[in-house]
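TrEMBL lists 7-29, 126-148, 160-179, 218-241 with the feature transmembrane segment.
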Amino acid sequence: MARSTCGTVCFVVATILGPAVLVFLAISFSTDHWLDFTVNRKNIQEPSLTDPGDKLRRAKWTHTRHRGIFRECYPGNDTAFFELVQHSDDPVIDGYCYYVVLAIPKGTDGHSPEYFSRLHLTRCHLAFYVVALFFFLLAYLFGLVLCCRRLTWVANTAGFFAYLAGFSTAAAIAFFHGAEYLERNKITDEDPIKGQFYLNWGPYVQNNTDRSYGYSYILGWVGMVLAAITATFYCIAGCYISGERYEELEKTRPLEYMDRTYHMMVPPMAGYPIERGYPMVLEAPHMDYYGGYPRYDDRRVLPAISYPEPTYSWS
């Protein structure tokens, strides 16, 4: 079967992009750099000396940190900070990280609706990212099948799952931005474990904290765009493969009835004692069929034809 060069190039490029998308999405999912907070500790040290109980020094939001889907890590060397803020419900992970709160707290009376909305958005962020990884893994498996079986429905299925993966990734990022917006502009609650949110930080901490998006966030966008491009290549390859099938059918369809020979049973007749195929070629009968052709010299001489004189009548 004739194969289209464009179709082959499309699904080869999609197959090559597949592992890259999986790597980008996996790194974005597992690393802790969706949000980076850089705190200028020198500018807030002086006010903390007059703060009762040295609350600012012990507060988590006054330290440089980076946050991911699962953990929030503090890469500094202030080990006393971890000893002062340890909590039985918030253990230290790997020496400098804490888990991001995803569970609904037991006592719900002291929290605002915005707090629970942020919590649900954070959980949706995690759930949709898992769905995106699952769908793109299915798309990549169908892409590998396409390398062995050049079928239209396989290419279209791979493209469909890749599109679902890209959509799920975009939805996860949208939920992340929704949770971030509520945390920064709406929530005034104070979490007994995680501490205060942005509106309660105070002017000293707010003015000396720089917030930026880390490489985990950037890789999420890159993975989403590449997933959409991969899906497009799979769908284009499916269109070309469908065209190949159609052209092949058009080429072979006339031969199906032109090459066939239909045999007919002809009863024995004079001069045709055997069965013959159809259509039969017309043949001139042998001269013995007519008793032989007469020779020119043996023909009988016919008498001359005479006509009478014309007569005229005036009556």
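Quick reminder: no glycine exception, Cβ is built from N, Cα and C everywhere.
Tallying C-beta pairs under 8 angstroms between the transmembrane segment (7-29) and each of 126-148, 160-179, 218-241 places 218-241 first. Sequence-distant neighbours of the transmembrane segment (126-148) (same chain, 6+ residues past either end, Cβ-Cβ under 8 Å): 11, 14-15, 18-19, 21-22, 25-26, 28-29, 69-70, 102, 154-155, 157-162, 164-166, 168-169, 171-172, 175, 220, 227, 230-231, 234, 237.
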